[in-house]
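Data block below; observations after.
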Amino acid sequence: MTDCDLCGKGIPTVIPVRTYPPLLRFAYPEGVWKGLCETCLDSAQKTYLEVNRNHTSCRRGKCSLCGSKTGVFSVELQIPDFSKGIVRKDVDVCYRCLKLVDEAYIRYKREQIEQDHEQGRIHGHEHVHPH
């Protein structure tokens, strides 16, 4: 089990997102991997799309993924809680990390499609759905 780096939910596998923490840039010039659950990945990618579409202004803060003190955007998370069900919480993420989350989201969805496509070939033929 591993924990999501944004919401802390414990899950068997996380989706890797490369980040570039400013304090570690000399030790890790290629970046550091953070792990997100699918819900947090979806929320952060949704925020990225909204920022690009609406040109949302940022505010100064500390990014929850890379730790840089820069302009950040609010990402709404849905954190599971045994007593309250789902708790909504906002975390701050910088534009650079949002862009990296978007790349990870695209890569993750592409892998899911390829996996589904491969499962369709289990019996040696593709399942064709008429449209």
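First residue shown is number 1, and so on along the chain.
Glycine too: its Cβ is placed from the backbone N, Cα and C atoms.
Here is what Swiss-Prot says about this protein:
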type: BINDING; residues: C58, C63, C66; note: [2Fe-2S] cluster binding site
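Within 8 Å of the centroid of the Cβ atoms of C58, C63, C66, where the record puts [2Fe-2S] cluster, the same chain has further Cβ atoms from G61, K62, S64, L65, S68, T70, G71, V72, F73, D92, V93, C94, Y95, R96, C97, L98. In the structure as shown, the Cβ atom of C66 ([2Fe-2S] cluster binding site) sits within 10 Å of 24 other Cβ atoms.
A coil conformation is recorded for C58 ([2Fe-2S] cluster binding site) in the three-state DSSP classification, outside any helix or strand. Long-range Cβ contacts of C58 ([2Fe-2S] cluster binding site) within its own chain (separation 6+, distance under 8 Å): V51, G71, V72, F73, C94, Y95. Within 10 Å of the C-beta atom of C63 ([2Fe-2S] cluster binding site) sit 23 other C-beta atoms, taking all shown protein chains into account.
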